[in-house]
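Taken from TrEMBL as is:
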- 231-240: compositional bias 'Basic and acidic residues' (COMPBIAS)
- 249-260: compositional bias 'Basic and acidic residues' (COMPBIAS)
- 265-276: compositional bias 'Low complexity' (COMPBIAS)
- 277-292: compositional bias 'Basic and acidic residues' (COMPBIAS)
- 225-292: region 'Disordered' (REGION)
- 330-349: transmembrane segment (TRANSMEM)
């Protein structure tokens, strides 16, 4: 519900009413916003509609609020006016929370920037000469040397000075070095990166009062039983890997040979199967004619006694060894007989003087 009134100053007062049982209505105006109480800066003549509206809201159980806004400017030329209206219709965009109000309500103290661990004044790199000077000037129980080199390496140090405590960087825990928190801890290592990491852990993680790191010392390799055992383990591992690779090569070679044999056997089996299928196909073609089996050397075919006259005549004529079979055999042999007879008649007889040809091919008769 909306009602609008004009105040004495020329601005407009807009009254809005809505349910207040479980929600607090918040409204947004496009001009200056100022919440007014009922009757504030209003003349008596303008209170009558407000009182009527207040009574109506009281009957309905609604809450009444008044807002004052300036006259809206002419925004017909504004291209974004439609977008503004769409946002105004969205209840989530009518009065978005301001960042300043949020910060005032939360009242969170600004976090002070912390210096980098590598720029900390109590954590700095010292040279070997400075380390010797520090050990000479400070009491022995106030300076602790901590060697965080990896296993198998150590930072050499003269035997006349206190030998450093050897704790690898991966094993550098609070329980191992908690007794050094009130001393000047000098972290030593084979290289600068490892020494600096150990110093950062002691200073920033464990909270030691004074921590320094020294990496300007050459590192030596331990030649004890541990390094020998490690080298022996590496050698045995290399031998195992070599033997494993050889075994794998042999297995691959055997697999290739077995595959080649299987391939050859498969090809031979395929050839045998192909030949067998051809023979079977030929036998089927012969059986398809319906002729009885007639073995070589037999006078009659198989089942001759059980055949009727028609079957017997058919077998004798077109059977496997019938008249047509022998006629084909004789015609095939007659070809060679005729060729041989012509050669004997034409060349052998005249050359032997048995007879003379009256009309020789080489001397044709004149016309």
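Glycine residues also receive a Cβ, built from the backbone N, Cα and C atoms like all the rest.
Whatever TrEMBL says is automated annotation, not expert-curated.
Among residues of the same chain six or more beyond the compositional bias 'Low complexity' (265-276), none has a C-beta under 8 A of the stretch's C-beta atoms. In terms of DSSP helix, strand and coil, the compositional bias 'Basic and acidic residues' (249-260) has 12 helix, 0 strand, 0 coil. Taking H, G and I as helix, E and B as strand and the rest as coil, DSSP gives the compositional bias 'Low complexity' (265-276) the counts 12 helix, 0 strand, 0 coil.
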